[in-house]
Every structure is written in C-alpha cells, then in structure tokens.
Amino acid sequence: MATENVGTVVQIIGPVIDIRFERGKLPSIYNAIKINSEGIDIVAEVMQYTGNDTVRCVSMNSTDGLKRGMKAVDTGEPIKVPVGKEVLGRVFNVLGEPIDGKGDVKATTYLPIHREAPGLDEQKPVTEILETGIKVIDLLAPYAKGGKIGLFGGAGVGKTVLIMELIRNIATEHGGYSVFTGVGERSREGNDLWNEMNESGVIEKTALVFGQMNEPPGSRMRVGLTGLTMAEYFRDELGQDVLLFIDNIFRFIQAGSEVSALLGRIPSAVGYQPTLATEMGALQERITSTKKGSITSVQAVYVPADDLTDPAPATTFTHLDATTVLSRHIVEQGIYPAVDPLDSTSRVLDRRIVGDEHYTVARKVQEILQRYKELQDIIAILGLDELSEEDKLIVFRARKIQRFLSQPFFVAEAYTGYKGKFVRIKDTIRGFKEIIEGKMDDIPEAAFYMAGTIDEVYERAKKM
C-alpha cells in the first residue's frame, strides 16, 4: 500500500484552509483532502496552489474547532458519491453521506463529482415534448425531453411549489426517476418536500441531495455536481430518462461568488466571480441527452430584485431550451401557477415539433393576451365602453384565457382546497381552441378559474 500523503494546516480563513505538503507531493486540483483529528472530521477540496508547497482548499463542512498544525491527508482523488438504484428514496449531503437517519447506503458504485461532459458524438438532439400536465406550460412553453428549463421568478411567486408539482406528475404519470438537488435554499422547504414525497409515495423514485442555506459556501457550490453525478449514472448505465431538479441555480452562483472572494480573486461585474460563465458551463454541459438516455433539467432561478439583466440570471439564460417566467403581477391577480404566458418561451414551440394545431392555438392565445395588454391603458383612462366591439370581444376572451390558464395543483391541495388536476396536451389544446373560436363566449369568467379541462368549465357553467 502506498504511503499516505500527509500535510499540515497552516492557515484558516473561514471556510478556506491553507495546507502545506512536502515539495513535489502537492495534491491535484479538485482532490479531496481529509482532516480527521481531535474530534474534527472535515473534507476540503483543493482549489488553487499558493506557493511551492501550499494548497488553498475550500471546506465542505464547518471549520469550527479547526487549528493550525492539524494533519491533513490527500485522498488522491476528487470527492466520490454513491450512485445507482440504492440512492433512490434517500437524502444525501454534498459528500454523498445519508442525512435521513435511515442508516448506511448499500451502494456498490461510487463516482467522482468532477467529470467531463459527454462528447459531441455521444449527444443526441431533442425533438420530443415532455408532457407535464400543467396547461400553461404544455401549451405556451412546452418542455423538451432532455432539455434544460429555467424557472424564473422573484421571492415568493411559487417556484418551489411548481417544482414539487412537476416531480409528482413525472413520477406518477411517467414513472421516471428524479434527482432533486437543494442548493442553498431553506431547510424548512427541504423538509416539506421530504414529507410531501413520503406521503405521496414519490420518494421511491427520487434521490434528494441537499446543501442548504446554513451550509458553508463550498458545500453549496458542489452539491449541484453531487446530484448531477447521480443523475448521470441513471442516464449512462441504466439508460433512463431522468429528471434533475436544481433549486436554486442562483445559489450555486452565489456560493461560487463567496468562494471566489475568499480565494482572493478580483470580482467581476456586480461583484460576481470572474469565472462565472466557466463554472456555469462546466455544470450545464454535463446536463444533456445522449444515445443511452436523457437528463431533463428544471432549474429554479432566483432573480435578484426582479432584474433579468443581472449577470446571474443572464448567464443562465444562454444555456436554456425553455424559460418559465413566474410573474408577481399574475400572483396579485390570484392566478396560480403564476406563469407569464407572454414572457415564457420554448425552443420546441415549433410547427415541426408540436404540429400545426398546437402551434396555431398557442400563437393565437398569445396574440389575444398581447392585444389585451395593449388595451389595458385605454380601458384605465377611457373605460371599457369606449372600445370597439371587436376589441371588447378580445378583452372578454383574454380574461377567460387568463383564468383558464390557472390550475389546481396536487401538492397545493391543502392550501387551495381544490383537488389537483393533470391535463393531457390534447385536452389543453381543445380547451383553448374552443375559447379562441368563440364557442365559450356566453359562459361566465368565474367558471374558468381553477378548472382542469374545458369539460369541467361546461359542468360548472350549468350550475351557475
């Protein structure tokens, strides 16, 4: 057995640790370093060389109690985490250690969290829609199977609830595996999600990885890679179509910014790290469809101060196939999910992929909503009566469309009092087609609110 490469802790600045090794024995960048003495058990990752014999590392755990002079051992490899079916139904931290109190994981395979993205010859273009059962998404900004989707929104507009609904729908309707990665979000939400999944039985097909708000920046920066590594194994070795949820990708950037400052790098625009685009690219390029399987990724993106031009959301935009924008203006109207039908976009809303009928209905719906938006100023100043008959009709149809875009969620039944609905794409298209063709003109607006299919609207209207 080779002798251990042992170093000594020489400096500690918060989560950043400088470790001195013998000359010629410096560990490689990204190697995991273990510090295990005097009741301290820390794993750190090598980030940079600061001299001929010293490496600067970022700790994945709290550095409380760490002292200069403590021994540190180079493991000779990056952080490795368990993969395979054994991780389903369990909760892990960034190091792949179970944190759900259910004992050890019986995994036989462990993989490093730092890996190359699949080569161009292994990748597969995506032209298939993933049916989510959520009307506003399936109609106006459909998700591509194996695509990357961004959920954009400020604080408290419903990003996490939408993610929970997607996990529930994919597990129960498609029977696929999901990996949920909680990056720098509230522990309470993680606990809610865990309890929700146990109650609904979804947990059996999901692995959860958490590096929450109270964790050091090193943990929050790497936890996304831990979840991604588990998802990659399902794709590459088991040939699965996997769903990878990242809540919240902004916190990954934020943690990178903290680490960058601690490492002494000069900040870039708005104080972000100069390596922002590189770090984001390294993570996003691994999320892709290959000839073996696919990873469809849904990433919640917190938008600081609702400013979409901030470098963090702006860098994320470049990697996405679809964007689901959640709007505070729609929340104020009491319409949930608060997806903005005009701001949300998708690369697969294309005649060649979704077909003529879907494309035509979607564009007509957006056209009516856009015209209604333009008319709102006139209505505010002159009143509804000053509009032409044609414009009045557009306003009435637009208001029905807005209400029909709302939908009761399974995971929010306790809050809304409405039973959750999963709506097939064909029913969604049929419903909106009837509204835009004028077949629903004599039905009151209230019948459309929180309805599933158009048939339910007819039933409600009869009782009114």
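Cβ atoms here come from the backbone N, Cα and C positions, even for glycine.
According to Swiss-Prot, the protein carries these features:
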type: BINDING; residues: GLY153, GLY154, ALA155, GLY156, VAL157, GLY158, LYS159, THR160; note: ATP binding site
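Features recorded in Swiss-Prot, as mapped to the structure shown.
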residue	record	contacts (Cβ under 8 Å, 6+ apart)
GLY153	ATP binding site	LYS159, ALA300, VAL301, TYR302, VAL303, VAL325, LEU326, SER327, ARG328, ALA338
GLY154	ATP binding site	TYR302, VAL303, ALA305, ASP306, ARG328
ALA155	ATP binding site	TYR302
GLY156	ATP binding site	VAL331
VAL157	ATP binding site	LEU326, SER327, ARG328, VAL331, ALA338
GLY158	ATP binding site	LEU326, VAL331, TYR336, PRO337, ALA338
THR160	ATP binding site	GLU185, GLU189, LEU193, ASP247, ALA300
Reduce the DSSP letter at GLY153 (ATP binding site) to three states and note it down.
strand
Same chain, not part of GLY153, GLY154, ALA155, GLY156, VAL157, GLY158, LYS159, THR160: whose C-beta falls within 8 angstroms of the C-beta centre of the ATP site? Give them in sequence order.
TYR302, LEU326
What is the number of other Cβ atoms found within 10 Å of the Cβ of LYS159 (ATP binding site)?
26
Local backbone state of GLY158 (ATP binding site), from DSSP in three classes:
coil
